[in-house]
Amino acid sequence: MPIITLPDGSQRQFEQPISVMDVAASIGAGLAKACIAGRVNGERKDACDLITEDSKLEIITAKEEDGLEIIRHSCAHLLGHAIKQLFPNVKMAIGPTIDKGFYYDVDLDRSLTQEDLDALEKRMLELAKTNYDVVKKVVSWQEARDTFEARGEPYKMAILDENIDRCDTPALYHHEEYVDMCRGPHVPNMRFCHHFKLMKVAGAYWRGDSKNKMLQRIYGTAWADKKQLSEYLTRLEEAAKRDHRKIGKALDLYHMQEEAPGMVFWHNDGWTIFRELETFVRTKLKEYDYQEVKGPFMMDRVLWEKTGHWQNYGDLMFTTQSENREYAIKPMNCPGHVQIFNQGLKSYRDLPIRMAEFGSCHRNEPSGSLHGLMRVRGFTQDDAHIFCTEDQIESEVTACIKMVYDIYSTFGFENIQVKLSTRPEKRIGADEMWDRAEAGLAAALSHNGLEYEIQEGEGAFYGPKIEFALRDCLDREWQCGTIQLDFALPGRLNASYVAEDNDRRTPVMIHRAILGSIERFIGIITEEYAGFFPAWLAPTQAIVMNITDSQSDYVQKVVKTLSDAGLRVKSDLRNEKIGFKIREHTLRRVPYMLVCGDKEIEAGKVAVRTRKGADLGTFTIEEFLDILKKQVRSRELKLLGEE
C-alpha cells in the first residue's frame, strides 16, 4: 500500500502498486493528459512505471526542462521509426538529446540529401499525428540482443555487448513496428511530439573514434508547442545573419585559409578591434594591481613532463625537435609564469603576486572541430596567475570574480551563468589536495552570493575551476572566463616562498582568464553586436564625406582635427552621390557618418548621421569631437540618439 507524497506535501495512499500516470489521473484528468513522465524520489521514471513503495512524486509535464528533454529524446526515436520505413536497410546506432534538440547516428549505404531530410520530416509528422502509444517493455539482456539480432542491428548489439551487463534488464520502447533501446523515460504517447524540425546531416565516427566507420548524424530540434519551435527557428535565422564568419568577411576583419588551419590572418580592421580589447584589459590589469609579463612560445619537453602536461595534455600539443632536444609549443601559459616566479627569493610579504600575460597559445584541436574564430588552434589568452598563501585564496578569488563581472558589464553581458567544475578522472595530485581546492572555490562563490551549477568531472587535470558562461541576445551560452585553483603545479616546478616562521612553503596558484581566447571573444561580440560595434571598438569610428569636390579641403580639415584627438576617422572624397556613400558606409557599420556640404562649411559644422539611419542634425567640429571622445573614453555601448 504505497503512500505517495506530492510536491505540496499532501499524501495519497493506494491499495496496490500504481503507475505514475494513474497517480496523475487520481489528481485530475488535466494533469493526466499533461503527464509526460514522473520524478520518483528524484529519479525520472516513465509514466507507465509502477511505484511499489512509499515515495515522493513529481509529475513531469512539457512546461519544464525535463519534459522538453524527454520530448526531444522521443523525437529521436520517432526519427528512427521514420527512417526505418523510408530506408529499411538502415542500421541504427545512437540517438541522444543535445542542447535544443537531438540527433541520430545511422549507417546507410548512400549519403542523405536535403530532399531526404524533407521526406523524413514529413514521414515523422505523419506518424506522430496518429498519436500512437509508446509501449515500454523491460526484458532480459538476451531477449534484447535476440531482438536486435533478428532486426539486423549490429550497433545495438555492440552496445549490449560492450556497455550493458548481462544481468541487467534493458528497456525496449516500441513505436508500433519500430523498436529502440533506451534508459528512458519517453513520452507515453506521440501527441507530445508534433513540433520538430530536422536541421542537417553531418559525419560522425562510431564511438567518436576515427578508426571506426563514419556514420551519418541527423540533427533535429524539438519543442513543446508550435510557438516555441517558431521562436527557435527565428533565432536560428537571426544567428545565421549574425554569423561572425559572414560579418568578418563583409567587414574585412580577418580570414582563414587551408595552409594554416585554425590560425587567424588578422586584417587591419580586425586587428584594430583586437588591440582595443588588449588596451581595455590592460587598464583593468593596472586597476586590479597586476604586473604584465611575457613568456616564451616554446619550452623543452622536460618541463612539460614535470608539469604533467606531456602525460595529460600531450595529444593537444604541437611539438618540434632541434639539436636532439624535443620541444612543445605552449598550449597554456602557467608553466612559464612559474619560471618567472622562481627567479629570486620570495617572502610571504611579497604575496600575492599577480602575473598577467597576453599569451599566444597553440592547441592541436581536431580539424573537424575548428569553427571560425570560435574554435581555433592558435589563440591569445588574457591569462593571469596569482601566487598566494592559502589564507589569501578567498580574497584573491573574490577579486577575480569582481574583475570578471566588471569587464563583462562593459560589453553589456549581464546574464552570466556560473559553474564549478570538479576533479576529472585523469588528474594529478592527491584527493586531499582536490578536496581543499574544490572547497576553496565553493566557499568563494558562496561568500559572494553567487548561484552556481556543479559540473562533475569537468575540471582541469591540475585543479578545479569556476567557469563563467555568457548568455547572449539569442539565448546562446558562451563559456569564456575561468578561475582555477591549483595546489599541484607550483610544487611540481619547485616554486616556494619563505613563510612567516622562516620555513619554505609552496604557494597556491590561481589561474584566471576573463575574455578567454581573445579570438573567440571577438567572434562572440561580433555576433552579439551583429557587427555594429560600439564606437570605442569600431575599427573606423567616423567617416567624413563631401557632396562635391569643393568641400574636399574642409573634409580633410575635419578628419585631421578628429584624428589628431586620437579618434579613428577616415574621409570619403570619391566622385559618387552622397546617398551611395551613405549606403556603403552603413553596410560597413561605421558608427557615425559626417556629411560636409556648402551649408555646413559656411556654418563651420558637420551634419551627423548614425549607421542605423538616425539624423542627429548639425554640430560644430569641437562639439562632435567632445561627444565621440566621451563615448570612447567611457566605452559606451550605444551611439548618440540610440535608446
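Glycine is treated like the rest: Cβ placed from N, Cα and C.
For the Zn(2+) site, Swiss-Prot lists Cys334, His511; matching the candidates His362, His371, His385, His447 against that entry yields His385. Every protein chain shown contributes to the tally, and the Cβ of Cys334 (Zn(2+) binding site) ends up with 26 other Cβ atoms within 10 Å. Residues within less than 8 Å, Cβ to Cβ, of His385 (Zn(2+) binding site) and separated from it by at least 6 positions along the same chain comprise Asn333, Cys334, His337, Val338, Arg354, Met355, Met509, Ile510, His511, Arg512. Secondary structure of the domain 'TGS' (1-61) per DSSP (helix as H, G, I; strand as E, B; remaining residues coil): 14 helix, 24 strand, 23 coil. Each residue in Met332, Asn333, His337, Val338, Asp383, Ala384, Gln484, Asp486, Leu489, Met509, Ile510, Arg512 lies on the same chain as Cys334, His385, His511 and has a C-beta within 8 Å of the C-beta centroid of that Zn(2+) site, without being one of the site residues. According to DSSP, His511 (Zn(2+) binding site) is assigned to a strand segment.
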